Amino acid sequence: MNPILTAIQKSAIRIKHAIDVKDIGYSQEQNSSGETQLQLDIQSDLIIEEELSQIEGVHTIASEEKEEPMILNENGHYFIAFDPLDGSSLVDVNLSVGSIFGIYEGAFTPEKMVASCYVVYGPRVELVFAYEGKVKLYLLQNGEFEYVKEIHLNEKGKINAPGGTQQCWAPFHKTMIDSFFARGYRLRYSGGMVPDLHQILLKGGGLFSYPGASDKPEGKLRMLFEVFPFAFIFETAGGKAVDGTIRVLEKNPRHVHDTSPCFFGSCDEINEVISVYAGQQ
Ligand SMILES: O=P(O)(O)OC[C@H]1O[C@](O)(COP(=O)(O)O)[C@@H](O)[C@@H]1O
Ligand SMILES: [Mg+2]
Ligand SMILES: [Mg+2]
């Protein structure tokens, strides 16, 4: 696992450099979800592909920016799915963005997930890595990622980060979100899941939601590249991740780019989501 973590760290340093210096232009290409790719999306994707292709243990990679998975080494046993630059449309307004990685052994199915990782490119560059029952935070300093601390979620938090188009939410979902605010939860939503979830993890808890709604019945966030890696991190940190009804890590995408509604948070808030959603069945 160490060579993979090192490759992710090298990629992060190169992507941070690209963010700092690159013109932010749209390319002529669209990704598999029909979104126009930014040149930075494509460049970040190539950086990660290049770094991971140097690691013998990596069998196959799948990326939000690639139509199909790509075999790197038939003899490797790790399968790595990544979102090279999450929230990339926020770069031009200078908000934080991230890279997300899910690491699997033998296949891209959640029960084969062994580790996951994300990098936040904000005022500082931080990396969070979940592996062997621990979630560890690292900070980039003088070109190296230094270990900071372990991350643990409290039973209950104070942050509410509600995603999706509100006019398209189901009425019961809106009532639930409003009731968190009515109990004093603070709105924290930047539009980038990496900094939004990072904030919940580091402030001890809360709720992030991206529900199924009338405009996007299966939500927006992609299982392999966005939902599963964060679900693994939240569960390892003592929280939960569900689609409203079941653990997202019990779902199986039929296609690499499939999405799922998702709720991440500390146990108290997620238990409430499950009970509200159960009342709608
Ligand atoms: O604009 P919306 O609908 O709130 O969506 C925000 C979500 O979309 C994302 O930006 C999707 O990721 P990409 O930028 O990689 O497509 C998430 O980071 C974020 O949570
Ligand atoms: Mg993304
Ligand atoms: Mg992306």
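Using N, Cα and C of the backbone, Cβ positions are placed for all residues, glycine too.
TrEMBL entries are annotated by machine, without manual review.
What you see is a predicted model, and the numbers here were worked out from it, not measured in a lab.
Annotation for D83 (Mg(2+) 1 binding site): spatial neighbours S63, E64, S99, I100, R222, F225, E226, criterion Cβ-Cβ under 8 Å with sequence separation of six or more. According to TrEMBL, the feature Mg(2+) 1 binding site maps to E64, D83, L85.
Per TrEMBL, Mg(2+) 2 binding site is recorded for D83, D86, E226. DSSP gives E226 (Mg(2+) 2 binding site) a helix state.
DSSP assigns G87 (substrate binding site) to coil in the three-state reduction, placing it in neither a helix nor a strand. Sequence annotations record features per position, and here TrEMBL assigns substrate binding site to D86, G87, S88, S89, Y189, K220.
Annotation comment: TrEMBL describes 5-149 as domain 'Fructose-1-6-bisphosphatase class I N-terminal'.
The average pLDDT computed for the domain 'Fructose-1-6-bisphosphatase class 1 C-terminal' (154-277) is 97. Residues annotated as domain 'Fructose-1-6-bisphosphatase class 1 C-terminal' in TrEMBL: 154-277.
Across the residues the record lists as binding substrate (D86, G87, S88, S89, Y189, K220), the two Cα atoms farthest apart are 15 Å from each other. Note on the domain 'Fructose-1-6-bisphosphatase class 1 C-terminal' (154-277): DSSP counts are 53 helix, 21 strand, 50 coil. Here the domain 'Fructose-1-6-bisphosphatase class I N-terminal' (5-149) is broken down by DSSP into helix, strand and coil counts: 40 helix, 64 strand, 41 coil. If you take the C-beta of D86 (Mg(2+) 2 binding site) and look for same-chain residues 6 or more apart in sequence within under 8 angstroms, you find V97, G98, S99, I100, Y118, G192, M193, V194, E226.
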